[in-house]
């Protein structure tokens, strides 16, 4: 019987390593795809490719996911300007770009069968499956979910399964579950899951306070229609700007937090996250928006943005409503042009200067200092503006 081609989203970790022989023994020719979304170096990329070959993959491709993650997620996320439940900056949204890479490979191979290594307990399975289903009529195979029906200690089972077939398992044991990409780092497990204070081991990019530089860091970002296009006067692709911001602001411990929130499947989730570049980018963009958008725009946009963030978090990346909201967000950015200077001395980042041809500062008017209207006009405005509250007070004394 000839093997059926299947495309596996592959990371080289235990779960996806297990998937290759598991799928082969069920009649599949396994083609692996690694979408590099910024979480590995050249040495790790080389390991992943060799690991796929060692495990018997029929083919392996590595895809540069940096440009896609910038266009597909970072731009609209910065336009939205909101974290999930007001805090979490959606750091595993690269999953949608991984799905895109896997489906492109499936199209090249002429197969409609896709596999992933998600468990049956987390959010990622929802994001993977909904994204695949939204993009076509594909069969989804999830080996880890399948073995969880029969085995409670799945990782121990996976390790034994590989060892019995002569495949080694990486010796290093991690105290935490870590996700890392261009957007940032998330950590869970250990004392984090026990609702205790995270230990110093629960640290990825962000330097501890004791290691912060003594001199302040100042950088300038240039925006064109809401998109960062230059850093300190040098034009760069967006993904490179974000990578540089990660490096610069991580030294000062910027963008680190502990987040507790509601998962897609209804459980409470607790993680440590680090997003120095993304938080810095959001801070600069928000300062520019505050200066150039109208009062009504700045009031209304967060309501729409929250819905966009919820859709992305919950797996509805390809829902038409998300597309509709993005059209509004893009329209709102037509005047978000200018430069913002950021400064940090450690732990937080502030926008300390804004320059734009669209600043909404009326000529002759400076807040609380001077104005080109008279005292009588100010008194008349106050009287009319507060009329409803004044009448209520008079009637109900």
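Just so it is clear, glycine is given a Cβ too, placed from its N, Cα and C backbone atoms.
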Besides 9, 10, 11, 12, 13, 14, 15, 16, 17, 35, which of 117, 120, 122 does Swiss-Prot list for that ATP site?
117
Of all the Cα pairs drawn from 88, 93, 123, 127, the residues the record ties to L-citrulline, which distance is largest, in Å?
16
Specify the nearest of the binding-site residues 93, 119, 124, 127 to residue 15 (ATP binding site), where nearness means the distance between Cα atoms.
119
C-alpha of residue 88 (L-citrulline binding site) to C-alpha of residue 124 (L-aspartate binding site): distance in Å?
16
Whole-number Å only: compute the distance from the Cα of residue 124 (L-aspartate binding site) to the Cα of residue 17 (ATP binding site).
17
For residue 13 (ATP binding site), the one of 93, 119, 123, 127 that lies nearest, given that the binding-site residues are compared by Cα:
119
So for residue 127 (L-citrulline binding site), how many other CB atoms are inside 10 Å of its CB?
26
